[in-house]
């Protein structure tokens, strides 16, 4: 089993790097605006019609607050349109099952969830949403929310390579190029591969079948493959079906499962290569990749070990429980399920091919912790990179205090304003998660949704609030969240968790763009190599430990100890 785990992890990382390196070159060209001439001519007319072009033919650039305003307006418009679509879906076409419109609180929760790249789902798609809502509502927002995150990363990357300017690019141009030149082509290829593996893609009404017991069963249909591709590539995670990627129509084979985890990490990994290329020092991108990969491997091994040890609940009942297969698909097994769980929570994806609620206490704690540290281990498309860069700036600042030098990164001095914004961005999601958890367990409405008692019930609440605050979207289940209290609370946390981080990141970008690049000296801290990688990992672990260890002790740690003591 150890050899199989080693082969799976190493082959996954090797193939990922081989695919991400050339894609990183393409992304670097998009960041620098290096577009083929024939596309430039087409774009020129579009930018001119939209008023985005200067008289000389160059694109008008924005300062950081204009960029932030454009991003915010764009997403609020998407929120309004998606909300309207969901509440009126009964009057719209492609609704063969005649589903009614969603209640306003569920529609608001769903709309905010999808515009924030979270895809938290308090419903099952196959018995709630029409094909039209899935395609023109959710799938479209999967593209646009992913493009938003990548655009913010583009703006931040540019400011490390520029100096003495106050612009970070043009949000409208970035979102358009990311969608048309990056997300759409890759999604089309991945969707075709999924279809070849058996993922369905049709507009047929649900099919009536009879089981071997003679009972009728309604089998849902729909355009799944087209939504599945961007769900994973854009680290969105919202499933066409309630069972998500454990459903055989979404993820039928071991090959499709492997392609899914590759798709989740592909763009976040490629962005690291692109970052190194744009700033003119590939070692900087490689440093981020090494730090991410080390944490990823440790987390994956931890989950595999916990799940291979078996479930003590079954042992207490006298059942043979050498491994914990509860809540998992036999076609994937322990190893493929474990690596999927780590990938989807390390990234802000949230797609699942098993029930995380059925993992062992420690096996479920690791994915939860990966969410809580801000999903910076590869992370979401765009958000993973700018989240990791926040920790890089914090590491540089701490190291500067230790050696008595003014902190700087890539020749830019890191001063008071940048550190205030770093602190704000890093603390906003833990604050939302912990305060939301406290509010939930201290109110009758919150406790009414908890279906499991004790430490595990607390873990389910903590996971849900951590997932929504960090824009992941996965859940432990066992929590009834489709009610007014949870829909509104989680909607607020979803929105604040997304934009409460984006705005400080763009403010940092605006501040760095103005600064001159300082030449490196003998006293400059190298931000590459084993020493800095170790410092970066320790900083991430330290922040995660100080912030969430008390809450994790109340949940999964106590649950594990209770079961262990009962089994003795």
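From the backbone N, Cα and C atoms, a Cβ is placed for every residue, glycine too.
What Swiss-Prot annotates here:
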{"type": "TRANSMEM", "residues": "7-27", "note": "transmembrane segment"}
{"type": "TRANSMEM", "residues": "67-87", "note": "transmembrane segment"}
{"type": "TRANSMEM", "residues": "137-157", "note": "transmembrane segment"}
{"type": "TRANSMEM", "residues": "180-200", "note": "transmembrane segment"}
{"type": "TRANSMEM", "residues": "258-278", "note": "transmembrane segment"}
{"type": "TRANSMEM", "residues": "288-308", "note": "transmembrane segment"}
{"type": "TRANSMEM", "residues": "332-352", "note": "transmembrane segment"}
{"type": "TRANSMEM", "residues": "361-381", "note": "transmembrane segment"}
{"type": "TRANSMEM", "residues": "384-404", "note": "transmembrane segment"}
{"type": "TRANSMEM", "residues": "421-441", "note": "transmembrane segment"}
{"type": "TRANSMEM", "residues": "488-508", "note": "transmembrane segment"}
{"type": "TRANSMEM", "residues": "535-555", "note": "transmembrane segment"}
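Touching of the transmembrane segment (488-508) and the transmembrane segment (421-441) is concluded from the presence of at least three CB pairs under 8 A, sequence neighbours closer than 6 excluded.
The transmembrane segment (180-200) makes contact with the transmembrane segment (137-157): 3 or more of their CB pairs lie within 8 A, with pairs spaced 6 or more apart in sequence. Sequence-distant contacts of the transmembrane segment (384-404) (same chain, at least 6 residues past either end, Cβ-Cβ under 8 Å): 152-153, 156-157, 235, 268, 271-272, 275, 288, 291-292, 347-348, 374-378, 414, 418-419, 422, 425-426, 501, 505, 508, 523, 525, 527, 532, 535-536, 539-540, 543. In this chain, the transmembrane segment (535-555) lies in contact with the transmembrane segment (361-381); the count of Cβ pairs under 8 Å, excluding pairs fewer than 6 apart in sequence, is at least 3.
Using the rule of three or more Cβ pairs under 8 Å, pairs at least 6 apart in sequence, the transmembrane segment (137-157) is in contact with the transmembrane segment (67-87). Sequence-distant contacts of the transmembrane segment (67-87) (same chain, six or more residues past either end, CB-CB distance under 8 Å): 101-102, 104, 106-108, 110-112, 114-116, 129, 132-133, 136-138, 141, 144-145, 148, 151-152, 155, 168-172, 175, 499, 502-503, 506-507, 509.
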